[in-house]
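**Student:** This is the feature table in TrEMBL:
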type: ACT_SITE; residues: K34; note: active site, proton acceptor
type: MOD_RES; residues: K34; note: N6-(pyridoxal phosphate)lysine
type: BINDING; residues: R132, M313; note: substrate binding site
type: DOMAIN; residues: 244-373; note: domain 'Alanine racemase C-terminal'
type: ACT_SITE; residues: Y265; note: active site, proton acceptor
Amino acid sequence: MSALAEAVIDLGAITSNVRTIASVTDTELMAVVKADAFGHGAVPVARAALCAGAGWLGVTSAAEALALRRAGITAPTLSWLHRPDDDFGKLITAGVDIGVSTTTHLRAVADAAHRLGVPAMVQLKADTGLSRNGAGWNDWPELVGWARKYEREGGVRVRGVWSHLADADIPGSPALARQVAAFEEALGFARSAGLDPDLVHLANSAAALSAPRSRFDLCRIGLALYGVDPFGQAGPGEFGLRAALTLRTTVVNVKRVPAGTGVSYGPEYVTKAPTTLALLPLGYADGVTRAAEGRASVWLGGRRCPIVGRIAMDQCVVDAGELPVTIGDPVVVFGADGGDDAAPTVAEWARWAGTNPHEILTGIGARVARDHLHERTQVS
Ligand SMILES: *Cc1c(COP(=O)(O)O)cnc(C)c1O
């Protein structure tokens with residue numbers, strides 16, 4: 001082992017989460033494996049999710065979709081964020097569904113399909129209140145009209161109609177109900193214009209688990225796939241999701257210091273009493289974000305110990321107090337279980353850093369080794 005820290009990913013948790021979520025939603029599931037599966041490793045996570053019954057994979061970009069295909073994964077895949085000059089021919093050839101939000105993109109996709117002589121599978125995205133991608137109500141009729149025209153000419157097949165929710169993690173949100181209604185309206189318009197999508201989808205993890213009316217044919221599952229409760233619960237939450245990723249390292253230096261010792265740059269932290277400092281070989285370049293300074297702790301020696309002083313790019317210091325810590329002791333930055341004596345969870349790190357768990361997971365740096373447990377290599 002030469003990396004200074006490792007993210008251990010239990011793919012057994014991924015398969016368990018797929019089954020758990022499917023039993024709640026009773027729909028097809030799309031495993032969202034964008035951003036290298038939220039830092040968990042897109043190819044092994046995709047295989048584990050498919051093996052557990054997920055029917056679709058979702059990614060942000062053409063590059064991510066093609067990387068899955070290069071790994072031999074042939075499962076239905078949707079890619080949803082593209083530059084207008086992306087090489088759509090590659091996606092069409094690879095049999096990847098293309099999420100389309102503008103007529104500019106639709107025209108480029110249809111042109112690529114025309115050149116290849118192969119129809120493109122597209123899924124039209126409506127903006128139902130998030131105001132990001134997707135066609136807003138003003139642009140939807142035109143997008144639908146062009147899609148119908150291209151479909152009649154044989155250049156595209158509109159397989160799906162879909163949208164994305166703004167605040168499904170707030171239970172009972174009135175905005176969610178408004179988005180469901182707007183989506184149904186957009187869908188009704190598309191159908192009345194002659195489109196016949198097989199795959200209608202709106203829900204992310206939070207909606208899939210809590211808002212039955214948002215489920216339609218398929219739910220797109222990101223955070224819950226990785227075992228993080230989408231409602232911010234620190235532990236497994238009410239759904240029994242299992243956190244898949246544990247970020248681990250080892251103590252690389254230990255020193256006993258007197259009161260009044262400055263720690264790390266600044267120093268912004270000065271010891272109040274004699275104590276033991278343990279050095280960890282990971283810092284903000286590895287995902288231990290400075291935004292959590294002054295609040296974060298790690299699991300060391302059977303309990304939680306605070307990270308003290310400024311977190312550096314490559315290192316951070318833990319105040320171990322009177323614990324008998326030695327070089328080589330294992331440390332869990334965040335991991336599965338939660339609880340006061342256990343390792344912190346991703347949800348706690350997100351709270352300490354004032355962000356969401358997604359950003360903590362995708363912030364794990366490239367030099368952290370990924371170690372997959374229960375990996376399968378055959379599923380495609
Ligand atoms: C990231 C993403 C998801 C997954 O969201 P979670 O809240 O993590 O489940 C679903 N759909 C789209 C369009 C996304 O970008």
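Positions of Cβ are set from backbone N, Cα and C atoms, glycine also.
A description of the local structural setting of each listed feature is requested, covering burial, neighbours and distances.
**Tutor:** For K34 (active site, proton acceptor), the same-chain residues 6+ apart in sequence whose C-beta sits under 8 angstroms from its C-beta are G58, V59, T60, S61, E64, G222.
Taking the Cβ of R132 (substrate binding site) as reference, residues of its chain lying under 8 Å away and at least six apart in sequence are, in sequence order, H164.
Per-residue pLDDT, averaged along the domain 'Alanine racemase C-terminal' (244-373), amounts to 95 for this model.
Spatially close to Y265 (active site, proton acceptor) yet at least six residues away along the chain are G309, R310, A312, judged by Cβ distances under 8 angstroms.
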**Student:** Under 8 Å Cβ to Cβ from M313 (substrate binding site), same chain, six or more residues apart: give me those in sequence order, or none if nothing qualifies.
**Tutor:** G283, Y284, A285
